[in-house]
Amino acid sequence: MTIICIDGIIGAGKSTVTHRLKKNLYKCYEEPIDKWTLLPNLYNDMKKYATPFQFQVLFSQYDQYLSFKDCKETVVVERCPWTSKNIFTSLMIENNLFDLSAIDTYNNLYERLSYQVDHFIYIKVDSEMAFERIKKRDRFAEQNISFDYLKSLENKYATSLATLSPSTVTIIDGSNTIEEVEFDVKTAINNFLSH
């Protein structure tokens, strides 16, 4: 099985692209946000909810993995445990939002529950565009996302993706139309699978 991860900051267009790919017969798994009962609370009080929320995300991603682990086809996931640990949890630790006494437990669980991604497709948009998209779609759980938080995510992705082998990451311009982004993502998937 080959696992490809669609990634990007909040508001990049990951969910829209993943949903469109699913309609085109790709085996896709969107972020299991329906299991993230702590998400609405997170942006209201990050200090209180960051740690339990990141555990909740990790467990939900593992549950999702169990549903496709025996699949023989190529699987496309929206975000993955690597993102949870290296982007969101890492950023929360840097900002003193993650309970330091839980880091070892989180890392141990991550080692047991994470899975290997073969290729990342990063939909790149700047934080200004992402912020406008978030305001426009007006999701309840995202009402308190700050521009500064998006900017810090954008920077964190830039530094974290740079640690991966360049052959495992494709960067797509997410400022294009959704049709163009979808086309570019499909092209990236096909290029990766043909090598």
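Note that Cβ sites are derived from N, Cα and C of the backbone, with glycine treated the same way.
So that you can see what the record holds, here are the features copied from Swiss-Prot:
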ACT_SITE  Glu78  active site, proton acceptor
BINDING   Gly8, Ile9, Ile10, Gly11, Ala12, Gly13, Lys14, Ser15, Thr16  ATP binding site
BINDING   Glu31, Tyr43, Gln54, Arg79, Glu142  substrate binding site
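Annotated features taken from Swiss-Prot, shown on the structure.
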residue : record                       : Cβ neighbours (10 Å)
Gly8    : ATP binding site             : 27
Ile10   : ATP binding site             : 19
Ala12   : ATP binding site             : 27
Lys14   : ATP binding site             : 24
Glu31   : substrate binding site       : 20
Tyr43   : substrate binding site       : 16
Gln54   : substrate binding site       : 24
Glu78   : active site, proton acceptor : 23
Arg79   : substrate binding site       : 23
Glu142  : substrate binding site       : 17
**Report entry** C-alpha spacing of Ile10 (ATP binding site) relative to Tyr43 (substrate binding site), in angstrom
**Finding:** 13
Query raised in the report: Where does Lys14 (ATP binding site) sit in the DSSP three-state scheme?
Result: helix
Report summary line: Sequence-ordered binding-site residues within 10 Å (Cα) of Gly8 (ATP binding site), taken from Glu31, Gln54, Arg79, are Arg79
Query raised in the report: Counting distance between Cα atoms, which of the recorded positions Gln54, Glu78, Glu142 is nearest Ile10 (ATP binding site)?
Result: Glu142
Report summary line: For Thr16 (ATP binding site), the number of neighbouring Cβ atoms whose distance to its own Cβ is within 10 Å equals 15
Query raised in the report: Among Glu31, Tyr43, Gln54, Arg79, Glu142, listed as contacts of substrate, what is the widest Cα spread in Å, to the nearest whole number?
Result: 19
Requested in this report: State the Cα to Cα distance, in Å, between Thr16 (ATP binding site) and Glu78 (active site, proton acceptor), rounded to an integer.
Outcome: 10
